[in-house]
Structures are given as C-alpha cells and as structure tokens.
Amino acid sequence: MKTSSPSIPGPLPKPERVLAWSIWIFHSLFAFVIAYWVSNGKAKGWIKHWMQDSSYLPGWKMDLSDAEWAYYRQTVWHLLLDYGLHSLGIYLSKHCLPSPISRYALILTGFLVHIHMSSFQCIVVLYAFAATVIFATWLMGGAKLVPWILCISFIAKATQYVPFSSGTHIFYREFNIYLYGSIKILNFALYLSDGPKFRNFWKLLEESLLYFSYLPYSMTLIVRFEDFKEQFEKWEKNREIFCWETKKSAIWFGVRLAFWGAFIDFLLHFIHVQALFNSPDSLVNSLNVYEVCAIAYVAGQLFHVKYVVIFGVPAFFAALDGFQPPPPPICISRVSLYSRMWRHFDNGLYQFLKHQVYIPVMRKPLPLVLSILRGLAALCAVFGVVLAWHGTRRHYIFWVTLSATELIVERIGWQIWERPEVQKLRERIGEHGCRRIMATLMLLTVTPGIFGVFFFLGQEGVGETIAMNVVVQGFLDVINFNISAFPLTAGFAFLHILTLGYFFNNVCLDIEFWRRKRTFASLFSAKNAQKIGEVAKPERKIQFREKVMWTAVTLFIYLVCCQIPLFGIMTSDSADPLYWMRAIMASNRGTLMELGISPIVTSGMIMQLLAGIKVIEVGDSPKERALFNASQKLFGMLITIGQALVYVMTGMYGDPSEIGAGICLLLVVQLTIAGLIVLLLDELLQNGYGLGSGISLFIATNICETIIWKTFSPATINSGRGTEFEGAAIALFHLLATRSDKIRALREAFYRGHLPNLMNLLATVFIFSIVIYLQGFRVELPIKSSRQRGQYATYPIKLFYTSNMPIILQSALVSNIFVISQMLANKWGGNIFVDIFGKWGDDNNARGIPTGGLCYYLSPPHSFAEMYNDPLHCIVYIVFMLGTCAFFSKSWIDVSGSSAKDVAKQLKDRQMVMRGHREASMIHELNRYIPTAAAFGGLCVGALSVTADFMGAIGSGTGILLAVTIIYQYFETFVKEQAEAGGVMGMFLN
C-alpha cells in the first residue's frame, strides 16, 4: 500500500497489526494487576504510613500521598460552586442585560467569584502586580524582556513573599490563582509589547478586565489574550438563548469527567503507586524490573487521569459557557513521539510556549549553521521556562534534558525521513518494511521520553534508580550475554521491554496513520466493520438443513461450555451473588459461561441508551449503521475483558492475594476467551448460517431449562417439613402418595411458598398462552406495486413490533445494577451510600436477594401478598418496568432500521407504495402506526412481565416473556423456511 504522505508508512498486514495491538493491550492491563500485587503484597508494610482513611468506606484506606490530588479533592466542591455561580452569572448577564452593561456585569461577577474562590488580599496583590508589570512594560517602551523578568521572578519566588490564607485547601486555590494569574499577566503584557495598543485605551482596559476576570481561564488552564479575545467576540455575537448541540457536548464531557474522577478515587483504594513513587528510592530498588516498570506505567496513567479531571473541570464550565477551552490531555499509552505529548498533554501551555517563546526566537531567517544554533537556543529557552514553572530540582533537570534529547532525535529522524533519497528507498523496500524499520528506530525516541517521565513523576533518586536498574544494567547484561528469565536478569527484562516498545510504536503509528488519513474513528467504517469480530457473510444461500445443523452445533458448544468448570477455582457453598442474571443472561456459575451474553447485551444497552438520548447520532445509511454495529461489537469485547477483570479482582472466586497471580491471570484469560467465543457464535447465526441469533438461542435454552427443571426436578430438599421434591409436578404426586390428608397435600402442592408449586406452573402456562395469543395482534397496511398493476400485498405491523428487544435491554440494565450493588455490598456493606444503592441477604436456596435500597425497589414482588404488604415497592417496580421497556422499544427502532423512514425506504426500494397514498406521504402514514406500536408494544411487554412476576410464574416474568417470544420467532422462521423449501420432506431431503 502506498500513501501520499511521506510522514507515516502504511499499516502492517492484519496478523502483525492484531499481534501488536494484542500484546500492547495485554501488557497495559497486566501492569495494573502487577501494581495491585505489589501495593498489597511485598510493599504494603513499607507504604502503610502513606495511607489515609477512605472518604467513602469506613475502615478502608486509600493512597492520598499525591499532595496535588489530595488538595484538589478537598477543594473540588468549592471549585464547582464557584464555577457554577460564574457560569450562571455569565448566562444571566448576556441574556438579561443590554450589551454595554452586560460586559460590566461580567467583569464584576468574575472578580467577585475570584474573591470567593481565593481571598480579597490574594486578588488585590495579584492585580497590583499586574498593574506594576503593565506600567513597567509601557515605561520601558514595550520591551518584552521586562514582563518576562518580572513574571518569571514572581512565579519562582512569589510563594516566599506573597500572603496566603490559612488552610491547605485555600492555600491550594490561592497558589494556583497566583501561578496562572501571573501567566495571564505575562500574556497580556506581551500582547501590549507587540505594537501600539493604547489608541483605544478604554476598550483595551475593558478587554483586559474581561480576560482577567474570566474564572475558568484563571486556574489550571492557560489561554493567550489574543485567543480569549477571538473566543469572546464569537461568543458575544451568538445570541442564541440555548444551543442544545453545544450543551449536549459539554454535558457529555462533564459525565466523562465525573466518571474519571470517581475512577481514580476508586483505584486509589487498591493500587498505591503514588505512595511507592513518593517513598525513598531504596524501596523502588528492592523491586524487580517488571514490578518497577509496571508501577511507573500505572503512575503515569494515574497522572494522566488526574490532569484530565483537573484541566477538565474549568474546561467543562468554559464549554458550557460557549467558549472553546484547550482540549483534554492526550493519553500517554498511545504516544511514542514526545513532540505530540508536549503539544497535546497541556495544549494551553504548548500554545503559550510556541507563540510567546519559540516563534519570536525563530522568526528572523539566518544561515543554516546559525539557524541550527538558534534552534537549540530556542529549545533551551522553552525548557528554561518549563524549569522555572516546575522548579530546578535534580529530577526535573533530568526530565527536561531527556525530553529535549528526544525532541532533537525526533527532529533529526524526520529530516532524514523526508529526504528524497530515503523516499526512493521507501518505494523499493515497501510500506510494510518501512513501517517495521520506523517502529524499530523509534525506540531511540520513546526510550528517553518514557524514562524522562519516570524522572518527572518520582521523588529525588527514583528516576535515577529506575534508569540504572532497567536501562544501564539491562544494557550491560545484554552485551555480557547475561540474559535469563529464571532467575530474572535485567538483560532479559531490557530485551523484553525493547520488544514491547516495538509493538507499542506500531500501535501508536497505526493511530497516527488513521488519524491523518481518515481520522481514527474510520477504523470502524462500514468497510472495516467485517474485520471487527465478525464472521464473513455466506456467499450463497444457506439451506434450511444447514441452518439447523449450525444452530445445533452452536447450541452444543454453548451447553458444553456451561458444563466446563473454570480451572483454578474451588467450589463454594456461598450465596450466588449473580443469581438474578443467570437465566436471562444465559450464564452458569463457575463455568466458562460465567459471563454468558452479558457483555454483548450490556454493550447493546449502553449504545442504545446513548443513541436514544441523542448523545451519538446514528444515520440512515448502511455505512453509518455498519459503523454503529462495529462500535457496538468492539465495545462488547472491551466489556468482556472489563467484566472478567472485575469478577476476578473483586473476589468472586476468592481473595486474589490468596489464590495467586497466576490463577488470577488464568481466570481472566478463560473468561475473556469464552466471552469472545459467545460473541462469534452470535455473529455466526446472525449472519445467516443459522436460525435467529445466538443471544436468543442461549436465553431461550437457559430459561426453558430452568422452567423444565423446576417443574420436573427429582432433587430432594429438606426445609424442615420433611423431604420434598423440588419439581412442582413431581411434588404433587409425592405429596399425594405420602400424606394421609389429601386435601392438605393438594393445598401444599398448589401453594407451598418455599419451593416451586402448581400455581406457579399454572401461572407460567397462562402467561405462555397470553403472549402467544397477543403475537397475532397486528395492523396490516395495504400496499401495492408502483410499477405493475394488480400486484397487491399487506405490510404487517405487529403489536410486539420490537419483539423481545425491550425486555432484553431492560434485563441487562437491571442485571448490571444488581451485580454492581452486590459487589459493593460484599466489600463495603454498612456504608450509607452502598446501602442506599442496595442491601442484600441470602435465602434458603443459596441466592442473594435484595432487602433494601434502590435494588429492592427495582426487583419484582413475587406474589400478591408481597404487593399488599409493600405497595410502594409494587408501584415503583411497575413504573420502572413499563417506562424502561417503552423507552428501549422506542429507541430500538431508530437504530435497528425499523423506524417509519426506514420502512418507507425499504418499500420504495421494492417499488411498493401504500394504497390510497402518494409516495411522498407514505412516511407520514407509517409514522401514525410504527412509533405507537413500538411504544405501546414495549408497555405491553413490560405489563406482561410485571403480571407474571406478581403471579409467581416459574423463571420470572422477564424470563418467560423472553422464552415465549424467542420460541415464537423460531416457529415463524420454521414455517417460513418450510414454505420456501416445499414442505417438511423438502427441507430435509433438499
């Protein structure tokens, strides 16, 4: 493959690409596992003094040794209040006041909130300094050196002289106001230095006050005065009262920030890499190479997430106001060229250094040699400002030196790469060969870049210890052929890390290549959708007997996996924490089918929710539908890995520290592979090789198995009333045969409450009958051919227009809520927030049941007696069930190709129109029926499920509904195939 850009060679062949991505993703995830083991194993005793009481869970500890994050957590609610008040003031000033007055209101609001965020003395001192800098700049004729000297001196020495309020959280806010305020002052003073700006003094004064008073750009975000002016002018011209598209994007960004903030606090309860990096270098020196590298990588990831939140909070409010704040930091796990890291981690700082330092130094043309020397001088100037910002301690100097070295090597590499001779050699070698060479040579850039970050993140001596143990000692071992895995030597680890770096570079080059060519999202284009966990569609028509065979093979594989226990776990008699999701999610405890179809259905549910609330837009074209499906499949794969890790690390199979690292890894691998097999089996059937879908087949099988077992189970149970059979039908005959009082025996067989009874069985049969009866309800719209006269037909719109999808998605939602609640309750039961989410107890059948909290009200009452005893529970459950089913049904038609406009397009493609209507009005007529059928059908499905639960039907109302609708679908498919094949004999002798 040949690319028009000389910068990035084309991607490697698919097998190599998959190998590179798999190796990098596995190592990235496993680094967190190693960090967990070290934090809670050999290093636990050495870092326990860093641990502080958890803010969420009594008796738990969390790592708050990162002073910046600890301070930020203390002050975040104050920041949110101030930012919120500022945004409200801006909105009211813009839309309720005339233009001249609104500007003064904005300035007044901004400075008042500044004072509330810090203190009156802080703001007075800062802007007295601003007046001094601006006056000195004007007095010296606009010399740029003056504001630079004054502001850099202020940054470096101000903490020793300026006043601070008492209290660490107030100190943190004031420190940042001083620090970022001085950069604002420097930006404005440099703007004044560029030319005569005092012709309209009052306008300039007003603009400067607006700039200084805008709160989101006063702390953690750096925005130049020129950029603010441009943004403010656009914002002021936009008089739209409420722009939903802008607000939707900002709100979605806010949701992501909340997630990452919660994620980092959650992780700090289990992984304590910050404490390890803040410990003396002797502790780091006691760890092996892999442990050190894993801890350093996880520390870098936490650093990234921390600044996503810290930079993101003011950026969220700026975006909510309608401004364009700097983008969030780039993830360090997809950057191997550290010029991109400098550009995209703190984009505001990069723009400041670029426009205020680098471009002014490099502006005038010079001869080649002088130009090279000036370039080095500009680099020194840029990193001199960085050192002034962070400090001149030894580890920061090492970090800056390694970063500058990486940039120089990278620049030399690009200069060589762009030479015509190299491009000619590229054509001879080919894109794949060039990619491999480039990924190998990029080890020269990624190595100093990464180890420079290790210097930056650690205390004095930590970065040096890592560099000596990993790089220096590793290199010496390699040249001395001291390479051994058992016992582990630095040489072996060094070669392993270099190999991993090669694959990592390929991953980063893939991302950069697709970003430049078609954007990274196009990896999931319609053309590439078949490559993402999808079975190729058949090129010929599959005969019915082949479909039956593939369906049977798929079911056989599933049933076998349901009986194969996970290797490495011990049997447990404890309550099953996931009992509620077993039948509906087609999972089986302790086997390869532990996850069942949960990852597929959960990914579908989340994508449907996002599409339903219009967070993501799904178009009508096949390409956009393929993109949506591909994204959903990829999300399902990620959820499979995530659920496997959660199940193992939360102690589902025992305490991870007791069962050992090897068994934990083996369990994760087994669960992940089994989950991917389920995904592929579902794809196999859906693409036309079998009947229906794998999801439906597995659900129906599991639910029917449950119903049959509870009806005819020969297992005996002694619950204090003597030995009884579990199966309702067998129990009837047993009770009649063994009890002398036949009337009492019949009553017990029909109404026993502790085991399945005949009333449950009759309720099940009744619901089965009702659902089958309602399947026949439909509206048939008359259609005819628009080309040929006399061709008439009908288009049926069923009552259950979306079939069983609403109940599947609703089940996935409830199941995930229950799973999360039980895992939290097992770990932190008694915490007020956990108890509000859900309280859990065990019944006599070794299953967890909700006894309080949100989960209790989302669980079904299992009899009319329960409804009578707790009517609020009944009402909440009914409203939730009907509402979610109607919502999922309505949103499903918009993304599944079954909405009114999709049906109208399908009829038009078949050259069919509705009788009595023109082609243009057909969509309006369909809109009268389809949305109503979808919403009302979803309500009916929810109502039937509620009724079945109240009547105590076997297998739960949701399960019965799923089983009946799926079986009915298979019946319709069977009839259709029979008609096409010409009878039963034709189907099997064809």
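Our numbering is plain: 1 for the first residue shown, then up by one each step along the chain.
Positions of Cβ are set from backbone N, Cα and C atoms, glycine also.
Beyond its flanks by at least six residues, the transmembrane segment (20-38) meets 12, 270-271, 273, 276, 287, 290-291, 293-295, 297-298, 333, 500, 503-504, 506-507, 510, 641, 645, 649, 656-657, 661, 664-665 of its own chain at Cβ-Cβ distances under 8 Å. Look at TrEMBL and you will find 20-38 (among others) tagged as transmembrane segment.
Sequence annotations record features per position, and here TrEMBL assigns transmembrane segment to 104-129 (among others).
According to TrEMBL, the transmembrane segment annotation covers 135-156 (among others).
Per TrEMBL, transmembrane segment is recorded for 257-277 (among others). Within the same chain, residues 32, 35-36, 38-40, 43, 47, 50-51, 54-57, 60-66, 69, 73, 76, 283-284, 295-296, 298-299, 302, 305-306, 308-309, 312-313, 316, 457-459, 462, 649 sit at least 6 positions outside the transmembrane segment (257-277) and bring their C-beta atoms closer than 8 Å to a C-beta of that stretch.
A Cβ distance under 8 Å defines the sequence-distant neighbours of the transmembrane segment (297-320), meaning residues of its chain 6+ beyond its ends; these are 28, 31-32, 35, 66, 68-69, 72, 76, 79-80, 83-84, 86-87, 215-217, 219-221, 246-247, 249-251, 253-254, 256-257, 260-261, 263-264, 267-268, 271, 273-274, 276-277, 326, 328-329, 331-333, 345-346, 453, 457-458. Annotation comment: TrEMBL describes 297-320 (among others) as transmembrane segment.
For the transmembrane segment (478-508), the residues of the chain that approach it from at least six positions outside its boundaries are 12, 16-17, 19-21, 23-24, 27, 288-290, 293, 334-337, 435, 438-440, 442-443, 446-447, 469-471, judged by C-beta separation under 8 angstroms. Taken from TrEMBL, the feature transmembrane segment covers 478-508 (among others).
If you look up TrEMBL, you'll see 548-570 (among others) marked as transmembrane segment.
What TrEMBL records for 556-590 is domain 'Translocon Sec61/SecY plug'.
The transmembrane segment annotation in TrEMBL covers 590-613 (among others).
The annotation transmembrane segment is assigned in TrEMBL to 688-709 (among others). Counting same-chain residues at least six beyond the ends of the transmembrane segment (688-709), those with a Cβ under 8 angstroms from any Cβ of the stretch are 535, 537-538, 542, 546-548, 550-551, 554-555, 558-559, 582-586, 596-597, 600-601, 678, 681-682, 726-727, 764, 804, 808, 954-955, 959-960, 962-963, 966-967, 969-970, 973-974.
Away from its own ends, the transmembrane segment (758-779) comes close to residues 707, 710-711, 728-729, 732, 749-751, 796-800, 929, 933, 940, 944, 947-948, 951-955, 957, 960-961, 964-965, 968 of its chain (Cβ-Cβ under 8 Å, at least six residues beyond either end). Taken from TrEMBL, the feature transmembrane segment applies to 758-779 (among others).
Long-range contacts of the transmembrane segment (799-820) within the same chain: residues 577-578, 580-581, 584-585, 598, 601-602, 604-605, 608, 695-696, 699, 774-775, 777-778, 837-838, 850, 854-855, 858-859, 881, 884-886, 888-889, 892-893, 896, 898, 930, 933-934, 936-938, 940-942, 945, 958, 961-962, 965-966, 969, each at least 6 residues beyond the stretch ends and with a Cβ under 8 Å from a Cβ of the stretch. According to TrEMBL, the transmembrane segment annotation covers 799-820 (among others).
Look at TrEMBL and you will find 950-971 (among others) tagged as transmembrane segment.
Away from its own ends, the transmembrane segment (104-129) comes close to residues 78-79, 82, 85-86, 89-90, 93-94, 97, 150, 154, 162-165, 170, 173-174, 177-178, 181-182, 185, 206, 209-210, 212-215, 218-219 of its chain (Cβ-Cβ under 8 Å, at least six residues beyond either end). When averaged over the domain 'Translocon Sec61/SecY plug' (556-590), pLDDT in the model lands at 73.
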